[in-house]
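K.L.:
Copying in the features that Swiss-Prot gives for the protein in this structure:
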type    : residues                                                                                               : note
BINDING : Thr9, Lys41, Leu73, Arg87                                                                              : substrate binding site
BINDING : Thr9, Phe10, His17, Gly88, Leu89, Arg90, Glu98, Tyr123, Ser124, Phe125, Ile126, Ser127, Ser128, Thr129 : ATP binding site
SITE    : His17                                                                                                  : site 'Transition state stabilizer'
Amino acid sequence: MNRVLYPGTFDPITKGHGDLVERASRLFDHVIIAVAASPKKNPLFPLEQRVELAREVTKHLPNVEVIGFSSLLAHFAKEQGANVFLRGLRAVSDFEYEFQLANMNRQLAPDVESLFLTPSERYSFISSTLVREIAALGGDISKFVHPTVADALTERFRK
């Protein structure tokens, strides 16, 4: 059974992330969205809320599970029995970092392969950082995130 682990901070999860998860759910038996605590990134949303938002966005996909984690990714992958890391590549600029990460992960978890997917063209420009910036300035983010995520961002910046 192929179990793919899609790690990220997902602060917040975007339609680009959702697109990759939907496509992965057709390719793999089981997809785990691994939401990283990422305290050094100082996330806008706490881990628990990011996990809940990802669950809401993917609830229509029966073979997708969302789990928060704060350990080393290689250890988490082993705990979950994952045999593939899934990563998205939006542009050539993503490749260099992802290539380094894949090689490091190969050293730490040699039994887990790294697989890269490119997003659908309509989502290739979306990033969580840009979505947060637009939301913070009161812009319309409905094209970039699920309605539940848009509501959470609106509420967060209302404070």
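All positions are counted from 1 along the displayed chain.
Glycine too: its Cβ is placed from the backbone N, Cα and C atoms.
These figures come from a predicted structure and were not determined experimentally.
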K.L.:
Going by C-alpha positions, which of the binding-site residues (His17, Leu89, Glu98, Ile126, Ser128) is nearest Leu73 (substrate binding site)?
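P.N.:
Sorting the binding-site residues by distance from Leu73 (substrate binding site), the top entry is Glu98.
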K.L.:
To the nearest whole angstrom, state the Cα distance for the pair Glu98 (ATP binding site) and Arg87 (substrate binding site).
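P.N.:
It is 8 Å, counting Cα to Cα.
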K.L.:
Over the residue list Thr9, Lys41, Leu73, Arg87, recorded for substrate, what is the maximum interresidue Cα distance in Å?
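P.N.:
Answer in Å: the longest Cα-Cα distance is 18.
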K.L.:
Just to confirm: which same-chain residues, 6+ apart in sequence, have a Cβ under 8 Å from the Cβ of Ser128 (ATP binding site)?
P.N.:
Thr9, Phe10, Asp11, Pro12, Ile13, Thr14
K.L.:
Can you grab the distance from Ser124 (ATP binding site) over to Arg87 (substrate binding site)? Cα atoms, rounded to a whole Å.
P.N.:
13
K.L.:
Look at each of the binding-site residues, Leu73, Leu89, Ile126, and point out the one with the fewest other Cβ atoms around it within 10 Å.
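P.N.:
So among Leu73, Leu89, Ile126, the binding-site residues given, the one with the fewest Cβ atoms within 10 Å is Leu89.
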K.L.:
Of His17, Lys41, Arg87, the binding-site residues given in the record, which has the fewest other CB atoms within 10 A of its CB?
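P.N.:
Among the binding-site residues His17, Lys41, Arg87, the lowest count of other Cβ atoms within 10 Å belongs to Lys41.
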K.L.:
Which of Thr9, Ser124 (the binding-site residues) has the most other Cβ atoms within 10 Å?
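P.N.:
Answer returned by the neighbour count: Thr9.
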K.L.:
Across all the protein chains here, work out how many other Cβ atoms are within 10 Å of the Cβ of Glu98 (ATP binding site).
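P.N.:
For Glu98 (ATP binding site), the count of other Cβ atoms within 10 Å is 16.
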